[in-house]
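Quick look at what Swiss-Prot annotates:
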type: ACT_SITE; residues: D148; note: active site, proton donor/acceptor
type: BINDING; residues: N8, E376; note: Mg(2+) binding site
type: BINDING; residues: K15, H206, L207, G208, S209, G210, D280, M281, R282, G325, V326, G327, E328, N329; note: ATP binding site
type: BINDING; residues: R91; note: substrate binding site
type: SITE; residues: H179; note: site 'Transition state stabilizer'
Amino acid sequence: MDALLVVNAGSSSLKFQVFGIVGMDLTRQIRGKVDGIGTRPRLQATAADGTQLIDQTYDAKAVRDLPAAITEARRWLLTLEGFELQAVGHRVVHGGPDYTRPVLIDATVLDHLAGYQDLAPLHQPNNLAPIRLAMEINPDVPQVACFDTAFHRGHAKHTDCYALPRSFYDEGVRRYGFHGLSYEYIAERLREVASRAAKGRVVVAHLGSGASMCGLRDGRSIESTMLHRPSTGCRWDTPGQLDPGVVLYLILQKGMKAQAVSDLLYHDAGLKGLSGLSNDMRDLLASDDPHAALSVAHFVYRCVLNGGMLAAALGGIDAFVFTAGVGENSPPIRARIVEGLAWLGAELDPAANEAGAALISTATSRVAVHVLPTDEELMIARHTLALISAPNA
């Protein structure tokens, strides 16, 4: 069977999926991941029917970094029979101002993408590592980069620029938006399950390991809460939209070096910094610590605030969509956010919400509230197949 491999690499985990190809149709064959890299490494994979294919732990020294994790995943994948690899699709967080759609990767493109590492220091180096390795090991297999920023590149210029001298915009200092692969999938999925709403004004809340929100009009991104780097918006693993005066205070008054400020913002901020406990929403909801309650209240407030901002950018709202880990699986968070958006006409059906229904608003709600699982990997696979199937590929 002809197959595609989809790779999503992070600092402490490596996710991969194998899709079978029949014509232009894709069928998911395998889901896998290596997590706990450098601490408690574990390789797991399941078949499409849920059958466990491997569950193996490693010594921390054996899988101490991402390249080692890639090597172990590749070693296992090579034991599989019946697949003919046609291409590899990669999630790349930052495409900068130049990449507005997926692209076949060559050495020039790879060098160009490496130049965006300062724009996404936690993500870009990890995204590019498996690409480099794949190009070395399988130079004849096409590698495709799919960007989290690309879906937002159609924003009007006045929404993406900062009030700085124009030269900074020309250098790439602008609002980009992220989680674009997720939003693109939701836009397509919404056309299937709620076609009327999909043509209107939709606010999507991607509440996963990172969090952001996006305003869609007729399936196109109009505005996003994430800005220049993937550390802004209603996030919980970083401080979100931080007043630049705070950064100046840390440098000028506290005497912190730039790297120390970066470490603070990327590693010690967000809900973990505010609560002193965890970035995991499940831990915070289960805790009776008042700081945990404060962190949850802060997060919900930021989501409600951003929901109102996006509704204003869209000129109103017809539907609201929850997606990603917390958005799909946390009824308490969904309930509190919808309650905060009641002034926009959103009315929650508590029973549907607790049951995890696809539609959790009442029949009389002016805003339809949906819960839709996202599928960034399928979006990457679709883009990859389309690109390698193009006449000039």
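Quick reminder: no glycine exception, Cβ is built from N, Cα and C everywhere.
Shown here: features listed in Swiss-Prot, placed on the structure.
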{"residue": "N8", "record": "Mg(2+) binding site", "contacts (Cβ under 8 Å, 6+ apart)": "L14, K15, F16, H90, R91, E376, E377, I380"}
{"residue": "H179", "record": "site 'Transition state stabilizer'", "contacts (Cβ under 8 Å, 6+ apart)": "D148, H206, G210, S212, C214, S224, M226"}
{"residue": "L207", "record": "ATP binding site", "contacts (Cβ under 8 Å, 6+ apart)": "C303, F322, T323, A324, G325, V326, G327, S330, I333"}
{"residue": "D280", "record": "ATP binding site", "contacts (Cβ under 8 Å, 6+ apart)": "none"}
{"residue": "R282", "record": "ATP binding site", "contacts (Cβ under 8 Å, 6+ apart)": "S330"}
{"residue": "E328", "record": "ATP binding site", "contacts (Cβ under 8 Å, 6+ apart)": "F322, G356, V371, L372, P373, T374"}
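Each of the recorded positions D148, E376 was scored by the number of other CB atoms within 10 A of its CB, and the lowest score belongs to E376.
The secondary structure of D280 (ATP binding site), as reduced to three states from DSSP, is coil rather than helix or strand.
Under the three-state DSSP scheme, the residue listed as 'active site, proton donor/acceptor' falls in the coil class. Counting every protein chain shown, 18 other Cβ atoms lie within 10 Å of the Cβ of K15 (ATP binding site). Under the DSSP three-state reduction, H179 (site 'Transition state stabilizer') is assigned to coil, being neither helix nor strand. Between the binding-site residues R91, S209, V326, the minimum number of other C-beta atoms within 10 Å of a residue's C-beta occurs at S209. DSSP assigns S209 (ATP binding site) to coil, not to a helix or a strand.
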